[in-house]
Amino acid sequence: MSRSKRKLEHIRHALSREDLGINSFDEMEIIHQSLTDIHWDDISLQTQLGELTLSSPLFVNAMTGGGGEKTEAINRDLAIAAKETGIALAVGSQMSALKDEREMKSYQVVRQENPEGIVFANVGSEATLDQAKRAIDMLEANALQIHLNVLQELIMPEGDRDFTTRLEQIEEIVKSVEVPVILKEVGFGISQETTRQLKEIGVSYIDVGGKGGTNFSNVENKRRRQPLESYNGWGIPTVTSIKEVKSVFPECNVIASGGMRNGLDGAKSFVLGANAFGMAGQLLRTLMKDDLETLIKKIDHVHEEFKIAMMLLGAKETYQLDGKPHIYTGSTKSWLEQRITTL
Ligand code: FMN
């Protein structure tokens, strides 16, 4: 199957996916506080993600491009929504445009629509240094995402099977490019062990891409004749993954993603120490099932939800949410007790 046809199939299956039914943010509660001493108008949604100053904690995470005019139209709308609401935007994997120049415009539309916006480029971990640089240049990107998706590749019938040189290639990119490099998962989460390996090669930005939302086992299984269904529940949930990363690399710039449903989930991720949060599948569903206007309203709504949490917790700045009193329940509590010694 061609790469561009695969991109369109991913969108179709991601839109039709059944809900996983479990979300780790339901097993974390922020403790309500009855007194606040701040004014709504003094609250700033700005956040510092390492070198990047973002005017919102929310961004549109990597999804598409490389599927011809259809993905160009989706990226155009996502870029307009990002510009209207002042949020950053990541494009989907640019590997297809690196191999076939005709696909470039389905990504470049993002920069055309939003010349001043924060845009993240995206490549797979198989990318060479030259490909990474070309992906950044293609968009004049402010940062580069490299996605780690071993399980997705294994379930994909035509997926990669050779991962022998990935860590060295990532290290070369991290040490050579001039923009921040974000290592991200695609819905299976990042563990303590992976964090240590990434830290050792100089990575300081991690998007946990945890379990709880879009499920690429499910998506790829829908494309298989004989599905590998036993892997549909595989992965580290987003809340636990943030804790896994922070427990061994406290100063890491952490992005929460994977099943982020609303601004309250976003605020909870900041309580855990995240510096930004990404939403992918849900924003795409809003755009495709409704329209651009509804998407813009949804993003505004997420901002309002996030701001309410800041107000309740007396935080004028987003970083002040970090460490606010909270508890864990259920399987999240059990996981953290077994894995994290610095609770
Ligand atoms: N992540 C990537 O890093 N590169 C991709 O090309 C990419 N393509 C995606 C395509 C679709 C249709 C969707 C829904 C997600 C894709 N992702 C990709 C993963 C998302 O960036 C994100 O990590 C994942 O969907 C979990 O977030 P969510 O639960 O908010 O959807």
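Any Cβ shown, glycine's included, is placed from N, Cα and C.
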Range among 122-149, 262-289, 290-317 that TrEMBL annotates as coiled coil: 122-149
FMN binding, same site as Ala62, Met63, Thr64, Ser93, Asn122, Thr214, Gly259, Met260, Arg261, Ala280, Gly281 - TrEMBL member from Lys175, Lys184, Lys324, Lys333: Lys184
Lys7 (substrate binding site) versus binding-site residues Thr64, Thr214, Met260 - nearest by Cα: Thr64
Closest of Asn122, Glu153, Thr214, Met260, Ala280 to Arg6 (substrate binding site), Cα positions, binding-site residues only: Glu153
Fewest-neighbour residue among binding-site residues, criterion Cβ within 10 Å, set Arg6, Lys7: Arg6
Whole-number Å value of the largest CA-CA distance among Arg6, Lys7, Gln152, listed as substrate-binding: 13
